[in-house]
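Structure first, commentary second.
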Amino acid sequence: MDFYSVKSQPFVRSPLVDQNPSIQNINEEVKRDIQNPLSYKTETSDKELCQTAACATSCSDWYPQQQTHMPHQNAFDSAKATAKMALPPTAFSNYCVKPSLTRNKDIPRTSIRVSKLRYWQRDYRLAFPNFIFYFDNVDEEIKRRVTQKINNLGAKVATLFTFEVTHFITTRTTDPEMCQPNDVLYLSKTANMKIWLLDKLLNRILFTLLNSDSLVNTSASCLQSLLDGEKVYGTSDKDFYVPSKNVEYFREYFLCIRDLSQYYKPIAVREWEKTLDSGEILWPSLAITAQGRCPFNTGRRRELKITKHNHPAHEIRKQLLSCTNQTNQNNVVKNSASVLVRQIMGDYNITESAVDGAKQMPTEFPKPENLLPVEKRAAMSPLNLLEPRLINKQNTLANQSPRQPPNAFDADPLAHKKVKIETKSGYCENCCERYKDLERHLGGKHHRRFAEKDENFQGLDDLFLLIRRPIRTN
C-alpha cells in the first residue's frame, strides 16, 4: 500500500538517517524536515534546504510518477533530495535514468583505431625491457634474427630455461597439459608464463612495435595503394564488367594456369570458341571412364577410324546408279543411229580404196537438172518411211545394249575432307592485345609497325651490352 494515498499513516524514517554522521552538518531546520517531512507548516525555499546542488528530478525512484497534489510539495522534494545525498546508495538507485553515451560521428573510425594502437605501442615499449624470452623448437637462423630485434627493444633472451622467463616462444601446437611433467612446455604452463607462438611474436608484436611509421601516414599509404590499384585494375567507380584496355576478359570456355605467388605471369592460357553450327566440342571435357582410362578420351577417334573406309552400302549404290543413268542416256542416241544405218545398208561396209590414183584424182559427176532441194529430199528419205514394227525393234535393241563402265569416282569421299588446323592463340605484350592466330598477328600491320622501330627495344639492347662476353686480352 502506498503511503501517499493514506494521510493518517505516519512517514517511516530510515534508521540510517540517525546513524549517518554527515546528517549532523545540515541545518537544524533541514534536519527536522528530513526526520519528519509532514510535520512542518511553513513553506521553505529550495535554496535554504538544498545547498548541495542536488536535482530533485533525478531522484524519481523515491516516489511514484503519478501522485496527488500535496501542500508544500517543493519543500518536500528538496528534503528528499537532501536525504538521498546523505544516505548511502541502495538497490533502488539502479533504476535511475542514466544519461546515454552518444558516439561522436564526426570522429572517423580509422583515427580511433590508430589512437588505440598508439596507446598499445606506448605501453608495450615501456614494459618490453622487463621481458625475458625463451625459444623452444625454433630454427637457429630465425632465432638469431629475432633475438637481434628483441635486444633492440631492450628485452633479453635466455639461453637456458629458468623460472625467470616471462614469455615462452614455441612452434609446437601441442596442448601443454598433454605433455610430460618434465617437458619445458608443461613447466612453463605451471609457472604461469606467457606461451606465444612464433607467428604471434613476429607478425603481431614485433611487426607493430618496430613499424611505427606505418601508423603515421595511414591516409598517405591508403592513397598510394589506391593509385597503384587504379593503374592495374582501373578506377573503382567504374563497372568491373566493362571492357578495359589493360585487362583482357575471357568470354568463352578457357583454361588459365596461374602462379600461386603471383610473381610470374600465367603459365598457360587457352580459350575455345563456342561452335553453334555444329555440335562438336573443341574444349576438353571430362567423361565417365573406367579405371585406368583417360577421362578426356571420349572414343570419337575410334568411331572415325571404323567408319572411314566402311561407308553404308545404300550411299555407294546411289552414286553408282546416278553415274550409270547418265551414261545410258548418252549411249541411246549413238546406238539408235547405228542400228538404223545397218537396217538400210544391210551388210555393206564403206572402205577406203587401195589404189594410189584414187586418192589423188578427183571424180566429177554430172549434176542432174532436176535436183530437188534438201528439205524435200529429207522428207522423202527412207528414214521417215519406216514401218512401226521396225521402230519398236530399234527401241528394243537400244535397251539391250551392253553397259559400259561408268566414269571413275573417288572410292573414299571423306578422303578429301578439310582438316582443321588449330591456331595458336595468346597475348602479345608488345601490342597489348590478345590474338587468336599467332602467324596472322606477326604478319599484321600493328605488330610490324611496333617491331620495325628500334627505340622500342632500346632496353634490350642496353641489357645485351651489359651481359656481353668480354674479349680476351691476349
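Counting begins at 1 with the first residue displayed.
Note: Cβ is positioned from N, Cα and C throughout, glycine not excepted.
From a predicted model like this one, the values you see are computed outputs, not experimental measurements.
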Of 21-70, 271-320, 421-470, which range does Swiss-Prot call zinc finger?
421-470
At a 10 Å cut-off from the C-beta of C428 (Zn(2+) binding site), count the other C-beta atoms across all protein chains.
16
Let me make sure I understand the structure: which of the binding-site residues listed (H441, H447) has the fewest other Cβ atoms within 10 A of its Cβ?
H447
Please give the average pLDDT for the domain 'BRCT' (125-178) in this predicted model.
89
DSSP assigns the residues of the domain 'BRCT' (125-178) as 22 helix, 11 strand, 21 coil
Taking the Cβ of C431 (Zn(2+) binding site) as reference, which residues of that chain separated by at least 6 in sequence fall under 8 Å from it?
H441, H446, H447, F450
Structural state census, the zinc finger (421-470) (DSSP three-state):
25 helix, 6 strand, 19 coil
